[in-house]
Amino acid sequence: MREYNLFTSESVSEGHPDKMADQISDAILDAILRQDLHARVACETLVKTGAVILAGEITTTANIDVERIVRDTVNGIGYHHSDLGFDGETCAVINMLGKQSPEIAQGVDRADPEEQGAGDQGLMFGYASNETEVLMPAPIEYAHRLMERQSELRRAGELPWLRPDAKAQITLKYDGSKPVAIDAVVLSTQHDPSISQADLQEAIMESIIKQVLPAELLHAGTRYHINPTGKFVIGGPVGDAGLTGRKIIVDTYGGMARHGGGAFSGKDPSKVDRSAAYAVRYVAKNIVAAGIADRCEVQVSYAIGVAEPTSISINTFGTNKISNDEIIRLIRTHFDLRPYGITRMLNLLQPMYQQTASFGHFGRQGSETAFTWEKIDKAEILKADAGL
């Protein structure tokens, strides 16, 4: 008898308050990296009605206008008028950023860059699956694409009543590890008070859901919940406080893979919470692209001030074509997972982080220097070395 199971993932829009905070933190990081590639940045953001509060530790020679960066970022997201409940030009900006502890610096910095220590202890996971073209789990991939479509239509003015805050959730039916049907779609979007619920639901269905989700996965039994609570006029930081790093599952694999707990945004590449998570996505994606496994989860861990990972482990969920020990050998041979090696391998000292802070960090393309961890340039080398 065939076994079916359901799996659900969610995404949120760029106007969600937590994602606002992520984008502000990464906008500040990008501005600093444009002037100082050796900066140490850990920037946290809190947004709530009428205010943006910054805190964290930064060591840099860069001279940036923090307040202007915050205002431009908020305006760029779409909160640029008091009618929306939040205005980037008039909100308070409270700057509580300080300097990084010299005790941390002495553990990280080295005369030989190759021996740069990890910025903290921790564990990170990377994942890839061949169920979608971008080698991402299908539920989170489709949820992200719904949110991207909402943003595109809002920015283009095609649905002028859309506002920045929105959420999407996809429940997929699996036959084993293969997605075979979409069981439920939830999409809630902030909107102007002028639009009726009937018109909103029709527009969301026709212009977003049907334009994004594969028709072959939709069926007569698919359930749709479009703004199921009714009105959603009050949103963004007026409706809820937003914090950097509070959407770590949205940022990664939608719960399909494990998570080490560390957030990404506002952190320079010396923080392995971010850089190593990108690196093990790169590893897992190339393993799957090489046909070595259909699904692959890679874990790596670090000790503060130590360059070499304290562990590398994998789970291929029984889909591996060679032994797991041999896959570990391939990883150690072809990927430098020391902090400096990761930065060099993925060219991470680039001001490209703000674009990662909405619609997921994985399974995407952006500017020429962004999302380098999505390349599959090692797949053929791995395949050859594996003897496949």
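In case you wondered, yes, glycine gets a Cβ from its N, Cα and C as well.
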Quick test of your reading of Swiss-Prot: among 78-88, 100-110, 309-319, 364-374, where does it put region 'Flexible loop'?
100-110
List only the single closest residue to D240 (ATP binding site), chosen from the binding-site residues D18, E44, E57, K271 by CA-CA distance.
D18
Between H16 (ATP binding site) and E44 (K(+) binding site), how many Å separate their Cα atoms?
16
By CA-CA distance, flag whichever of D18, E44, E57, K271 among the binding-site residues is nearest to K231 (ATP binding site).
D18
Which of the three DSSP states, helix, strand or coil, fits D240 (ATP binding site)?
coil
For D18 (Mg(2+) binding site), which of the listed binding-site residues (E44, A166, K247, K267, K271) have their CA atom within 10 A of its CA?
K247
